[in-house]
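Trainee: What follows is a structure written as structure tokens; I'll ask about it next.
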Amino acid sequence: METFVSFLGGFEALLSWEVLGFMIAGFLIGTFFGAMPGLTSVLAIALLLPITYTIDVVPALVMCASIFMAGMYSGSITATTINIPGAPSSMMTAVEGNALMLKGQGANALGHAALGSMIGGSIGALLLMAFMPIAGELALLIRTPGKFSLVLFALVVIIIVDKGAIAKGIVATTLGIMLATVGIDVLQPIPRFEFGTELLVEGIGLMPVVIGAFAVSELLVQAQNWNLSLESTLKRAKGLKIRRRDFIPPWSEIREVGLFTYIKSAFIGYAIGILPGAGGSMAAFVAYADAKRSSKKPEEYGNGSREGIAAAESANNSMCGGAFVPMLMFGIPGDPTTAIVLGVLVINGLQPGPRLIEQQADLIAPMFASLFVSALILIPLTLFLFGPYFIRIVSISRGLLYSAIAVVALVGSYVATYSIFQMFLALLFGVLAFFLRKHNYSVVAMLLGFILGPDLEQYLRRSLSFNDGNPIVFLTSMDSLAFLALTIVFAYLILRKKPKLDAIP
Amino acid sequence: MNNVERFRRSSVLFPAFLLILTTIYLAEALSIRSQFGGDTLVGPRFMPILMAFIMYAALIVVTVGEWRKEAEAATGGSLLRPLLIVVATGIYIALFRPLGYVPATLGFVVALFLIFDFEKHRPAFFIFYVIAVTALFYGLFAGIFGVRLPPVLGGF
């Protein structure tokens, strides 16, 4: 209870002009990147990661949280208006929202998407604040073999979640772990894989990997798929007339969707957010399928179901809250956004874990408050203020946009360490990630392998060295055994269950 | 499709490239010596060697899968534009410090605009946007965040 109260104190930090400014700026940047097809909020946070070196940790975390929430919501804008989801998590919203758009009710669909995002995002943030202290207590019970099994569980789930390409998932994750082994050994002061150069003795930083994997590779992918059809679609859509008053959904429609749908979808989204590698797309899909299954009007799905929009948007925004739990408690990010936020924490000398909640709640509480305020206030406010101009804003020339992104990415990778070598590494990882993406290897799995690799190695070697190299310790330690059993259960559930194709209209 | 044609497919060449990379990695891993306690199971080369073998196994599965596929689905357009971006970026990085932020970035933005066909037919707008992008991010990094960007020709 005491910790929960200290989390509520985070709202006070948002009253500072500096922190408030970063939260609003982050939300607007996240909205733009989330709404623009081809750009994502992950890219926004990746580009802003270097800036976090120059600002305090509180505004940096507050900004990351508002970008995360905004990016998850704003994917619904182009999904509804031009049937191109700004973010992958808005796929289901595109199905229903664009059907309403074609009936001349686009503003109403955007209003329902915003309402779902607002309710789901707020519930997700509240659940995060409420359950974080409990998660902290549980985290204290886990010993070194258990920590190894937990990291292993996360990596296995990340790999098998794309069950069509498990071998490629293993390749990408292992590649990330291999990259993480470059530099000083995790237990002994000896350099590894420095190949005779001092430049690699300190290892490879998170910055060039993130910038390369998400910014440079995106630039190369967009350059390869360059065509002006999207630009012309957006220019055509500029003529759409959207009025502010149509954004507010009538009470009768909200009652028809039902409060229970919002709350249930939010809980589904939050639970999926806790799972590593699942993300907003899965949250939206599962909640949408569940809403359709239990709907009184399943025939509306595919033809503009407001209930479908509400379920999908409530779940993907609630997912934001859940995604922070494993990252803050165990240093295990569930998705690329929280992976980068973990980088911000580490850059500022903060170590994830129960102690972070106990001793430095004042630093992370504003981030939780930012998630809540972004969902509850900034989502509806942004829709009301900028809604009629969204299409005009995202119609900016992509040539100009990608050129600007290239400059930010490269100069950003320089400013973190003032190193030209880091810029070259960003380019190198960008090219590597480009080919990984081209051949359907998961770049996210590579990033999470890179981040979790040192922990995996450290816990494995520590556990074995304390037990004379006997691996049986992973089965005799109860916490470890529990996570190994959980790994097998998840692998069974994910690999055995066939996707319900009829869930997508 | 004969075996030579199968091997030339990029979906087979890419795991082959990773296979070579893993072999170099494994060779380097085998040369790691523990500072104390000898090269036991839990020494500093344990994890790299384990990862290399996992990588080999996964790459074999991937390669066999790709090899068996009959035809490669077309993925995206020409590689010329990405290649031009990589070359332009490489040159930009190499000249970033010797030339300084302003001249290097002006040149880089010109190259990117040309690659992305942006305002090629309206020279006045082209020049305006080149200067605007360079100035905007100078203002952001140096002005707002106080970052020391390389000065023109290393001086001033």
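Glycine too: its Cβ is placed from the backbone N, Cα and C atoms.
For reference, TrEMBL lists these features for the protein:
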- A:20-448: domain 'DUF112' (DOMAIN)
- A:20-49: transmembrane segment (TRANSMEM)
- A:61-82: transmembrane segment (TRANSMEM)
- A:109-131: transmembrane segment (TRANSMEM)
- A:138-160: transmembrane segment (TRANSMEM)
- A:166-187: transmembrane segment (TRANSMEM)
- A:199-221: transmembrane segment (TRANSMEM)
- A:267-289: transmembrane segment (TRANSMEM)
- A:324-347: transmembrane segment (TRANSMEM)
- A:367-386: transmembrane segment (TRANSMEM)
- A:393-412: transmembrane segment (TRANSMEM)
- A:472-495: transmembrane segment (TRANSMEM)
Trainee: The transmembrane segment (A:166-187) and the transmembrane segment (A:199-221): do they have three or more Cβ pairs under 8 Å, with pairs 6 or more apart in sequence?
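Mentor: Contact between the transmembrane segment (A:199-221) and the transmembrane segment (A:166-187): present.
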Trainee: Counting CB pairs under 8 Å, which listed stretch among A:324-347, A:393-412, A:472-495 touches the transmembrane segment (A:109-131) the most?
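Mentor: Comparing A:324-347, A:393-412, A:472-495 against the transmembrane segment (A:109-131), the winner is A:324-347.
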Trainee: Across the domain 'DUF112' (A:20-448), what does the pLDDT come to on average, as a whole number?
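Mentor: For the domain 'DUF112' (A:20-448), the model's average pLDDT rounds to 86.
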Trainee: Applying the under-8 angstroms CB criterion, which one of A:61-82, A:138-160, A:166-187, A:472-495 scores highest with the transmembrane segment (A:367-386)?
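Mentor: Maximum Cβ contact count belongs to A:61-82.
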Trainee: In the same chain, who gets a Cβ under 8 Å from the transmembrane segment (A:472-495) while lying at least 6 residues past its ends?
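Mentor: Long-range Cβ neighbours of the transmembrane segment (A:472-495): 141-143, 145-146, 148-150, 152-153, 156-157, 160-161, 163, 463-464, 466.
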